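Only one structure is covered here, and it is reproduced in the block below.
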Amino acid sequence: MSVNVAVVGATGLVGQTMLKVLNERNFPINKLYLYASKRSKGKKIKYQDKEYTVIELTKENIANDIDIALFSAGASTSNEFAQEFVNKGAIVIDNSSCFRMDDDKALVVPEVNSETIPDKGIIANPNCSTITVMPALKYLSDKYGLERVVYSTYQSVSGAGMGGLNDLDNNLKGEKSQKFDDQIAFNLIPYIDKFQDSGYTKEEEKMINESRKILGLKDLRVTATCVRVPVRYSHGVSVNVELKKDFDLKDLIEGLSKAKGVVVSNEIHPTPLKVEGKDETYVGRIRRDNSVKYGLNLWIVADNIRKGAATNAVEIAQEILKKREE
Ligand code: A2P
């Protein structure tokens, strides 16, 4: 079955990677529509052996034969346009934070909750750091139960789009940041996104709330500190977990290594550079935390642009096709 696909934000870092992943997976595309802002109108983008002209995103320009639209152009663009695509018959997979916490929208990591994917409307792609930890936590939750989770993230500059990558490069040439509030080269910025009244940042609240929604544990005790690090691609997350029951570490590692979407890499330590370009989540440094009853420490890394964004969105699209074909 071939379908008509739109990529909204096709000139951006995630949009470009969506096209790369669609191509790698030979996604059965009939017609392809590439949308971006007015700035990119008329720009040419090659996909497989054909050249496509970027279309300015306006309500009038939304084609009425789109089956699946992959959005990665920021929350305000999604807010303004996603429903318009749905009204014209498309199913939207949205990479922004716009719809993630809506009760009537599925928030999907296919390895974890593909059964929640609807056959119409808007589906939300989770935050990149949330996606990184979900496959491993799903396994631990099902097998042992989760009592409490503490996240400390080490997030690459590409999480802030092209602007984040440019800041790192420009800082290295002695220039000031434009995207970040501070210099990121040779530095760490101990917050990501806007501060909330709680003292947490929006990024931290996303990780907390999205974890609860995806795992279906609305009362899960979970906290997060999100930090920007001077790394180009891949986010690392130090995860401290208290399980509900005791475990044999060897059995736990063996089980985790068989979990969907997880690669256990306890000897070859997962680093951002090693994981860049990969589609799985890499788990290492698995060890008991003896400071609490059934404690466990993990270090998890995933490519934030691929599994953390583009790959996850394309995998949702693949699930939709699979369901339609059944
Ligand atoms: P454009 O390249 O025309 O600005 P990144 O996060 O890497 O910066 O990418 C953001 C993506 O979202 C780009 O493709 C960008 O297009 C697109 N985008 C940003 N604002 C809009 C908008 N108002 N309408 C459509 N696309 C937008």
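Positions of Cβ are set from backbone N, Cα and C atoms, glycine also.
Record check: TrEMBL places Thr11, Gly12, Leu13, Val14, Arg39, Ser40, Ser158, Gly159 at the NADP(+) site, and the matching candidate among Asn304, Asn312 is Asn304.
Cβ neighbour count for Cys128 (active site, acyl-thioester intermediate): 28 (other Cβ atoms within 10 Å of its Cβ, all protein chains included). Taken together, the residues of the domain 'Semialdehyde dehydrogenase NAD-binding' (4-120) have an average pLDDT of 98. Inclusion criterion for the recorded positions Thr11, Arg39, His235: a C-alpha placed within 10 angstroms of the C-alpha of Arg228 (substrate binding site); this criterion is met by His235.
Separation of the C-alpha atoms of Leu13 (NADP(+) binding site) and Cys128 (active site, acyl-thioester intermediate): 13 Å, rounded to the nearest whole number. Checking the binding-site residues Leu13, Arg39, Gln155, Asn304 for a CB within less than 6 Å of any atom of ligand 1 leaves Leu13, Arg39, listed in sequence order. Within 10 Å of His235 (active site, proton acceptor), counting C-alpha to C-alpha distances, fall the following of the recorded positions Thr11, Arg39, Arg100, Cys128, Gln155, Asn304: Cys128, Gln155, Asn304.
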